[in-house]
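Novice: I have a structure here, written as structure tokens, and I will follow up with some questions on it.
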Amino acid sequence: MSSLLDFEKPIAELEGKVKELRHLADSSDSGLDEDIAKLETRAAKMLAQTYAKLTPWQKAQVARHPDRPHFKDYAAALVPDFQPLAGDRSFADDAAIQAGLGRFRGRSILLIGHERGSDTEERVRHNFGMARPEGYRKAIRLMRLAERFGLPVVTLVDTMGAHPGIDAEERGQAEAIARSIECCLDLAVPVVSIIVGEGGSGGAIALAVADRVLMLEHSIYSVISPEGCAAILWRSAEKAADAAEALRFTAQDLREYRLIDEIIPEPVGGAHRARDVTIDAVGDAIERHLADLEGVPGLDLRLLRREKFLAMGRPAAA
Amino acid sequence: MNWLSSYVRPKIRALVGQSRPDLPENLWDQCASCERMIFHRDLEANGRVCPHCGYHMRVGPEFRFRALFDEGSWQRVEAPRVAADPLKFRDLKRYSDRLKEAQNRTKAFDALEAAAGTVDGLPTVIAVMNFDFMTGTMGTALGEAFITAARHAVETRSAFLVVTASGGARMQEGALSLMQMARTTIAVQEIKEAGLPYIVLLTDPTTGGVTASFAMLGDIHLAEPAAMIGFAGPRVIEQTIREKLPNGFQRAEYLKEHGIVDLVVPRHEMRATLARLLGLLLRPKLESPPAAEVTSGPEVATEDEMANVDAGQ
Ligand SMILES: [Zn+2]
């Protein structure tokens with residue numbers, strides 16, 4: 001793992017020392033084992049402590065960590081026979097949103113999600129996970145397909161937001177997002193959404209109106225990026241940490257406000273330190289919720305989904 | 001009408017204010033677009049459309065109710081009071097203070113006001129966003145007001161018209177404001193499932209999460225001339241693509257050209273257009289042919305009507 005966040009540096013330093021000592025110990029049977037063990041414990045403790053009390057701004061960094069598992073990692077691990085499908089049938093295929101059919105632990109499902117890409121070339125190809133109208137329209141087309149065959153829909157949300165551009169506006173970015181929300185609300189099959197990294201504004205909720213909305217422990221879900229919010233309300237992008245604090249966008253905040261159903265714990269030190277463990281945890285959560293929603297009649301699903309969103313922000317039933 | 005020139009200066013001017021301080025108040029207004037002076041009463045009589053250049057100035061809910069409903073036919077639909085400032089949000093200012101200030105200035109609870117009445121005799125609920133209330137942004141209160149208005153339309157078997165004007169989601173309510181995109185969409189679905197028309201009138205400006213939810217789900221999309229309508233703000237787009245934006249970008253006429261808006265309708269034709277559309281949708285068969293079509297003459301409130309309405313509603 002190559003990318004280090006600022007607040008991770010002291011931990012990395014300690015871990016580096018452990019490595020060095022171990023190297024020495026290996027070559028010179030010098031009785032360093034006890035020191036190494038001590039240092040190791042200290043590094044582990046430091047990591048756990050740091051991640052136990054990440055600030056919202058630090059969480060934003062972790063949520064956007066380039067080494068965090070992305071859509072293609074989840075698809076490869078959870079849906080081994082994943083069959084991507086392409087195109088909105090009227091304009092293009094948008095690589096920022098990936099979608100396809102496949103078998104997840106025995107169940108045939110539709111898996112949709114934003115793909116941010118993992119290196120420069122990929123990031124450009126996937127437009128950093130910022131979708132254009134054709135991406136949302138592809139999602140709508142395939143959600144309707146899944147509905148026809150009674151397949152549950154699973155979405156993985158990870159985007160800074162919908163693409164801001166002349167082309168996107170010309171082709172009705174706003175309409176595409178609105179229709180995607182409408183479609184999610186209308187589906188007569190189970191829908192489970194997981195915010196796996198950054199849930200950025202309208203581009204995120206377009207794929208996150210679901211029977212169950214889950215968030216990874218260090219993911220964020222916000223109406224605007226902390227940088228954007230700071231630029232507007234504080235008139236300085238440098239106040240991003242303040243904006244991050246005020247926006248209440250962490251998984252813990254959203255759970256507190258009852259806007260999401262569950263938080264999926266991440267391994268100590270974040271998803272990027274133990275990708276397989278994270279992907280398995282996400283898979284287990286999906287499996288549990290799909291099992292739970294199985295057999296609920298389609299019309300009931302739709303009604304319950306709407307009631308769930310209508311109840312948001314209202315005082316608990318009096 | 002020269003809409004091409006009508007969006008060049010308004011942005012800056014709108015910030016400065018409608019009238020200059022050195023002019024006697026309420027006597028003269030200056031057009032934010034062509035900068036010519038307009039006698040205040042003439043401007044009001046013309047529906048706050050500049051008689052020189054056709055620039056459509058922003059107007060609030062009360063104006064729309066008077067201009068669109070049959071005279072004396074409407075009453076307000078009260079919105080539920082929801083908890084203000086759920087996040088205890090504070091930037092350079094407290095959100096609760098910003099709210100109070102906007103409430104005091106507009107005498108309204110939040111940025112969407114609704115009323116029920118008739119348009120050319122057809123029962124209609126009209127919900128209007130007020131850009132003057134925290135730039136018409138959508139938070140929990142607005143979402144709740146929208147849902148209440150839509151459900152009132154369903155209960156009274158009325159058509160539902162929403163007049164949009166919004167800077168998007170209300171940041172100060174965080175993800176709660178984002179959720180309003182889904183919540184308002186549910187209200188739209190209820191209208192459609194009840195078989196009632198849902199008409200959207202897009203006015204200047206309509207952006208962000210409002211455009212990307214209920215504002216783009218209309219059975220019919222009307223827009224006022226030169227209204228700025230889009231998802232991303234022009235500045236964000238410019239910064240992202242580092243290109244100059246084309247002329248007329250994100251204006252009503254541009255959206256029509258790109259198939260996103262059905263009709264660009266000047267304000268003085270709005271009531272007649274709405275009446276015609278609602279009539280066609282809701283009176284599919286006439287017993288006897290009408291004596292005359294609803295005229296498309298100036299339908300905005302005249303001075304006399306303006307004087308009357310205070311006593312009305
Ligand atoms: Zn003018």
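Including glycine, each Cβ sits where the backbone N, Cα and C put it.
Straight from TrEMBL, here's the annotation block:
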BINDING   B:Cys31, B:Cys34, B:Cys50, B:Cys53  Zn(2+) binding site
DOMAIN    B:27-296  domain 'CoA carboxyltransferase N-terminal'
REGION    B:288-313  region 'Disordered'
ZN_FING   B:31-53  zinc finger
Novice: How many of the residues that make up the zinc finger (B:31-53) does DSSP mark as helix, as strand and as coil?
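Specialist: The counts are 6 helix, 4 strand, 13 coil.
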Novice: Counting across all protein chains shown, how many other Cβ atoms sit within 10 Å of the Cβ of B:Cys34 (Zn(2+) binding site)?
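Specialist: Within a 10 Å radius of the Cβ of B:Cys34 (Zn(2+) binding site) lie 19 other Cβ atoms.
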Novice: Around B:Cys31 (Zn(2+) binding site), how many other CB atoms lie within 10 A of its CB?
Specialist: 23
Novice: Mean pLDDT for the domain 'CoA carboxyltransferase N-terminal' (B:27-296), rounded to an integer?
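Specialist: PLDDT averaged over the stretch: 94.
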Novice: Using a Cβ-Cβ cut-off under 8 angstroms and a sequence gap of six or more, which residues of the chain neighbour B:Cys50 (Zn(2+) binding site)?
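Specialist: B:Cys50 (Zn(2+) binding site) has long-range Cβ partners B:Cys31, B:Ser33, B:Cys34, B:Arg36, B:Ile38, B:Leu43, B:His56, B:Met57.
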